[in-house]
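As recorded in TrEMBL:
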type	residues	note
REGION	1-45	region 'Disordered'
COMPBIAS	22-34	compositional bias 'Low complexity'
DOMAIN	70-354	domain 'Protein kinase'
BINDING	Lys109	ATP binding site
REGION	356-389	region 'Disordered'
Amino acid sequence: MGNSCRKPIVHVSSSNISGKGKSQSEVSKNSNSSDGKAASQTLGPTIDGSISSSLKSFSFNDLREATRNFRQENLIGEGGFGFVYKGWINESSFAPTRPGSGIMVAIKKLKPESFQGHKEWLAEVNYLGQLHHENVVKLIGYCSDGKNRLLVYEFMQRGSLENHLFRKGVQPISWAARINIAAGVARGLAFLHTLDANVIYRDLKASNVLLDSDFSPKLSDFGLARDGPTGDNTHVSTRIIGTQGYAAPEYVATGHLTLRSDVYSFGVVLLELLTGRRVVEAEKPGNSRETLVDWAMPFLRDGKRISRVMDMRLCGQYPKKGAQAAGALAHQCLNADPKYRPTMKSVLAKLEELHSSNTTIPSTPPKSESRNHTSKHARHALNSMRNTR
Ligand SMILES: Nc1ncnc2c1ncn2[C@@H]1O[C@H](COP(=O)(O)OP(=O)(O)OP(=O)(O)O)[C@@H](O)[C@H]1O
Ligand SMILES: [Mg+2]
C-alpha cells in the first residue's frame with residue numbers, strides 16, 4: 001500500500017483485471033441442511049418458468065459479436081463465476097453494435113468448470129430480473145444457449161470498490177466518497193432486507209460493490225442471495241458458502257443465515273473503507289491467523305485511538321468525530337453476537353447523518369502539516385499491524 005499523500009480521487013480507469021483465483025477464497029462446508037434453493041422460492045421463478053419479461057434473452061452469437069469474439073482487450077475482470085468483458089449493444093434493439101457505438105455493457109461469461117455454476121447464474125437472473133433499486137446493479141439480459149451461460153449488465157464506469165481501495169497506483173478515494181459509498185451499500189442492503197422475502201445478499205465484499213462514474217455504489221452478484229426467514233423462523237439453514245473474512249462467524253460455525261449475517265459483512269466492508277486494508281491479506285507474514293477485524297476491534301471500540309487504523313492514504317483529511325462515529329458503527333456491525341448488531345435500516349440512518357455532516361469536514365490542512373501528522377499515525381498503524389500479524 002502506498003503511503004504517499006496524494007490528492008484523493010477524481011479520475012481513474014476502471015479497466016482492471018483482478019486476476020485472482022477466486023475459488024480459493026470461498027469457504028464451503030457442508031452442514032446438515034441443504035441449500036437447494038439458492039434461487040428464491042418467493043422472488044425467483046425458474047428458468048423453465050417465467051423469467052422477468054424485462055430481461056432480454058441474448059443468443060451466444062449476439063454476445064460474441066458484442067465483445068468482438070470475447071477479445072482479450074475487452075476483458076475487464078475475472079471472478080469465481082467467470083470472465084467479464086466490455087461489449088457494445090444498441091440501446092433500444094439490444095442488437096450488437098460496433099465498439100464505441102450504442103451503449104457499453106459488461107458481459108459475464110460463466111466458466112464451464114465454474115465452482116459457482118448454473119444454480120448461481122439462475123439465482124442471479126431471478127433476483128436481478130425482479131429487483132430494481134438505485135443501489136443494485138441493473139441486469140439487462142442473459143444468455144442460455146446450449147451450454148453457454150452469460151449475463152449482461154449495465155456498465156459500471158469505475159469498476160469495483162476493491163480495485164479502488166487496494167490496487168496499487170490508484171488514486172485514493174476521499175473521506176466524503178467513502179461515506180457516500182458506505183451509505184449507498186447500506187441503502188441497497190436495507191432495501192433487500194425490508195422486502196417481503198427478506199432477501200439476504202450473502203456475498204457482500206469490496207469486489208461486489210461496483211462504482212458508477214460519480215462513485216455511487218451498486219451491489220452486484222446475486223448468485224448467493226436467498227430469501228430470508230419468514231414467520232416465526234429465526235434463520236434459514238444453508239450450506240455455508242461465501243467469502244473468507246466477510247462471512248459472519250456464527251454463519252460459518254452453524255450455517256444459520258440471518259439478515260444480521262449481511263450486517264456483519266457490511267461491517268467488514270466499512271472497516272475496509274476506513275482502513276484501506278483487505279480483511280484477509282493474500283500474503284501475511286508468519287502464521288498469524290489474525291484478520292483485519294481482530295486487529296482493528298480495540299481501536300474501533302476506543303474512539304480516541306481511531307486514527308491508528310485509518311487509511312494513511314487519506315492523509316488525515318477526515319473529520320475526527322466522523323471517523324470515530326464510523327468506527328463505532330463498524331464495531332457494532334462486527335459484534336460476534338448477531339443480536340447486538342444493528343439493522344441495516346439503522347446503519348443507513350447513521351451513515352446518512354454522517355454524510356450530511358460532511359460539510360463540516362475541516363479544510364485540508366497545509367500539506368506539510370498534514371503529511372507529518374499523518375505519517376506519524378500511519379507509521380504507528382503499520383507497525384502495529386506488523387507486530388500483531
Ligand atoms: N457491471 C460491471 N461493470 C463494470 N465492471 C464490472 C461489472 N461487473 C463486473 N465488473 C468487473 O469485473 C470484475 C470481476 O467481477 P466478478 O463479479 O466476476 O468477480 P468478483 O466480484 O471479483 O469475484 P466473485 O466471483 O467472487 O464475486 C469486477 O471486480 C469488476 O472490476
Ligand atoms: Mg463479483
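Every residue gets a Cβ built from N, Cα and C, even glycine.
Counting every protein chain shown, the number of other Cβ atoms lying within 10 Å of the Cβ of Lys109 (ATP binding site) is 22. Model confidence over the domain 'Protein kinase' (70-354) stands at 92, taken as the mean pLDDT rounded to a whole number.
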